Amino acid sequence: MIASTGSSGLYKAPLSKGLLLIPSFLSIVLTFLFQQQQELFLYNIKAIKDDFHIWKLISGRIICLDLKDTFCSSLLIYNFRTLERRFGSRKFTSFLLVAWILSAVFDFLLVEAVHFILGATLTTLPSGFLAPVFALFVPFYCSVPRVQLAEILGLFPITNKTLVYIVGLQLLTSSPYMLIVAISGLISGLFYTWDVLNVRKILCIPHWLADLFSRRLEPIFSSVEPVNEARVGMGATVDIQRQQRIELLDQQFMLSQLAHLGRRQPQQGGILNWNRLFQPLRHRNLGNQAQPQDPSPATSEEHEPRNHKTKIY
């Protein structure tokens, strides 16, 4: 769709499919049918702190009450499905769990910091599953290869990640308080990526629970394997071919970096130039195949031994 990484669709991404369908459906239902019940899903920081409404930490951080946030977060989750394929559903779920729990702590810390530094009191924050979505930008930036597709005016590169970052920027600017949620999500993603305080083992999904959800819920949210996508590679199975597609993207990333480096270097003697390094070799091989040359007599004479004995008849 937006990011050209991996195959299309939601094949082998059941959690991403569930996060796309269930919260989006509930957000639409609350917006058009049950507007009076939106108060139950409001992320009210003041009610949590003063009235000890702890349940709002769960209800207020699952469903978006703004359809613009629902649309942007759905687009991002769809493009982040490649991370679930790379990591596996269990590790992907563990990442989202860690980001969801830690971001709740960082939300309160950032609200208190804003109150202490600026003197502003924040009562509510944007509702929805937003902080884990911002946290997914960390592994997306680190693990998904960046492939340059085009350039604007020769100055601004367009890559396979550009539109994803634009959608994230649109989500960030949808609310004046979205910056708090975004920062807490990014910090949570860094905590999991760097394994700060050993959070990967402490908040990891157990194997028995992952197997239970795999047997019960994965058949419900599983998608049909795409059959019309172009195959890349000679793998025996479709999974191997998709892995080869990822490796091909990595190779394109490396080649784009080498080409960019070659354009930056001045084309003078003594400076590395990749075009001069590879193209002459290719043309030389083609020339050798097209015009074979016979060894010259001078060359044949050079291979004859110099010290030889004359025969006397």
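Quick reminder: no glycine exception, Cβ is built from N, Cα and C everywhere.
Record features, source TrEMBL:
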TRANSMEM  15-34  transmembrane segment
TRANSMEM  95-118  transmembrane segment
TRANSMEM  124-142  transmembrane segment
TRANSMEM  149-171  transmembrane segment
TRANSMEM  177-197  transmembrane segment
COMPBIAS  286-299  compositional bias 'Polar residues'
REGION    286-313  region 'Disordered'
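Same-chain neighbours of the transmembrane segment (15-34): 41, 62-65, 67, 70, 74, 77-78, 80-81, 84, 89, 92-93, 96, 128-129, 217, 221, 223, counting only residues six or more beyond its ends whose CB sits under 8 Å from a CB of the stretch.
Cβ atoms under 8 Å from those of the transmembrane segment (177-197) belong to residues 95, 98-100, 102-103, 106-107, 110-111, 114, 122, 124-126, 130-139, 142, 171 of the same chain, restricted to positions at least 6 beyond its ends. Note on the transmembrane segment (95-118): residues 15, 45, 49, 57, 61, 83, 87, 125, 129, 131-132, 135-136, 139, 180-181, 183-185, 187-189, 191-192, 199-200, 203, 205 of its chain, located 6 or more positions outside it, place their CB under 8 angstroms from a CB of the stretch.
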